[in-house]
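The feature transmembrane segment is assigned by TrEMBL to 30-53, 125-143. Taken from TrEMBL, the feature domain 'Phospholipid/glycerol acyltransferase' applies to 94-209.
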């Protein structure tokens, strides 16, 4: 009986391997399914560890979450080349802004996430089972993207908390995933927040994933992601009148860096 199950299992694995080699669609579906399953299982295990170690919701849990997520890259053949981590070493709080490409961004985030750093995310994430639970336990700040007034109130509270608790806040200023190899126009919330709190903005740029990950083309293979943490942009002395200029400056710098890291002409 055991031999029979072993033979069937081997046959199924061989069949899946052949299908993955022959069909990009099957390969994409299986790898994405495995990624989602890995997220759910790891989140459940990490949640238990967070509750045992820290007792509940706190930014300290991000260290535990980071330890669970970092090994993901080995399952999917993703390599990281990171430069500029010393730019995270600013005294006091800061706003970190980065480009947002796909569900794989979590691997990139946890690869370089500094201590005492929380993310801003859409409130719908909290309903994603064990993933939502671990995001909550990690201290992620939830905003309602459909309500501008609600989002502004949350960001105002974030400014006070950031300074009072000396934490960095990670924001995706594009507002949504964008796997085109370019940047979407930046929303100004993060830059309003930085000026309101008079803290520096630290841009982070990930090279385009499109050479190895593209949902429209059903492409998901191994690949390398270049990451660059750019020098902080100071906001001391700036006012709300400077938000547009700060946003444009950050956008242009990050776009040039994205093209350079991706080997694409600007």
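Quick reminder: no glycine exception, Cβ is built from N, Cα and C everywhere.
TrEMBL does not curate its annotations; it predicts them automatically.
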Hey, which bits of the same chain come close to the transmembrane segment (125-143), Cβ under 8 Å, at least six residues off its ends? 39-41, 43-44, 46-47, 50-51, 56-59, 61-62, 65, 118-119, 150-151, 154-155, 158, 169
So what pLDDT does the domain 'Phospholipid/glycerol acyltransferase' (94-209) average out to? 89
Could you give the number of helix, strand and coil residues in the domain 'Phospholipid/glycerol acyltransferase' (94-209) as assigned by DSSP? 49 helix, 24 strand, 43 coil
